[in-house]
Amino acid sequence: MNQANNVLDSIYQPDLEIMNQPEIELDDLLIEEDEDLLLADDGDIDEFLEPQTDEDDAKSGKAAKSRRRTQSKKKHYTEDSIRLYLQEIGRIRLLRADEEIELARKIADLLELERVRERLSEKLERDPRDSEWAEAVQLPLPAFRYRLHIGRRAKDKMVQSNLRLVVSIAKKYMNRGLSFQDLIQEGSLGLIRAAEKFDHEKGYKFSTYATWWIRQAITRAIADQSRTIRLPVHLYETISRIKKTTKLLSQEMGRKPTEEEIATRMEMTIEKLRFIAKSAQLPISLETPIGKEEDSRLGDFIESDGETPEDQVSKNLLREDLEKVLDSLSPRERDVLRLRYGLDDGRMKTLEEIGQIFNVTRERIRQIEAKALRKLRHPNRNSVLKEYIR
């Protein structure tokens, strides 16, 4: 995983077996049903809305009254918008397994068309016209446009039918710096990406696959947008050293080290250690209750040093996408990057070592590497990998 991330860093510098199912009428599947709707329970909607608070009665004057009216209107507008949205998505029928598979097939067909378009755009050095695109996939223009239309409708249907999953996941991340409305918006972007990446032939349900993408989008947005106090870089480095030292001492002593022991190993005073811990809001106990109901523990939200199932999914997805991008390079360019970044054996080789393998000079290997990285920075290629950049 580290080797793959090294490639990403270089690119972005400066700049279940599936059962046979009968075919489904897509026109029936891709329309909004008017009957047999699943209605949302209005009684559950209020739990997603932030509680209203009374204005301080001590405030007086026109300015305070005007401010209260503006805030009240804005709050009611937001709550009404969320309420309406939840009611609307509650009316969307959930997909059956066979419908999910059929939609996934149509989306895969759409993505194949879009890959052809990307290659054509790179070749022409401009956006291709529909007629050129249709010719590239060997279809008459009307048939091509219908196929494209069906694929896009299938993607929209897959996303719309799983919006309740976004709400369910977003609810778990409330009161962490982003409004519920923003959490839904970020989660929906993750859902769209999941629909674009889903491979139904691998045998898992779309909801299982989409959950990872939704969580990733939400947690990344929280990390990027919700921190109001940003610490200096050097302080982050010290915090990281404290964590590593604490872990090392725990392994050496077979118990949790004291503040004095950590400070001694770090060669700093206890006062400084406590100050840094307070600045970073490091928890004294991972059992500290979190949230209004105090039904969660701080430890639930601390990243583990071990590889979680989500980490494994991310690792596999990155490997697959990186392989696809590397396949677009020439064999020599691909081999040079594999050796340079240790993608096969985990060992990064020097320019001299690679030059000896190919019987060329160090400078020639540097040129090949630079050319390969320039190609990977092309928008048609780096768009595939950009989602992994934090």
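Please read every residue number as a count from 1 along the shown chain.
Yeah, the Cβs are placed from backbone N, Cα and C, and that goes for glycine too.
Marked as compositional bias 'Acidic residues' by Swiss-Prot: 48-57.
What Swiss-Prot lists as region 'Disordered' is 48-75.
What Swiss-Prot records for 62-75 is compositional bias 'Basic residues'.
Under the heading motif 'Interaction with polymerase core subunit RpoC', Swiss-Prot lists 182-185. Taken through DSSP, the motif 'Interaction with polymerase core subunit RpoC' (182-185) splits into 4 helix, 0 strand, 0 coil.
Mean model confidence of the DNA-binding region (351-370) amounts to 91 (pLDDT, 0 to 100 scale). Here Swiss-Prot flags 351-370 as DNA-binding region.
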Per DSSP, what is the residue count of the DNA-binding region (351-370) in each of helix, strand and coil?
17 helix, 0 strand, 3 coil
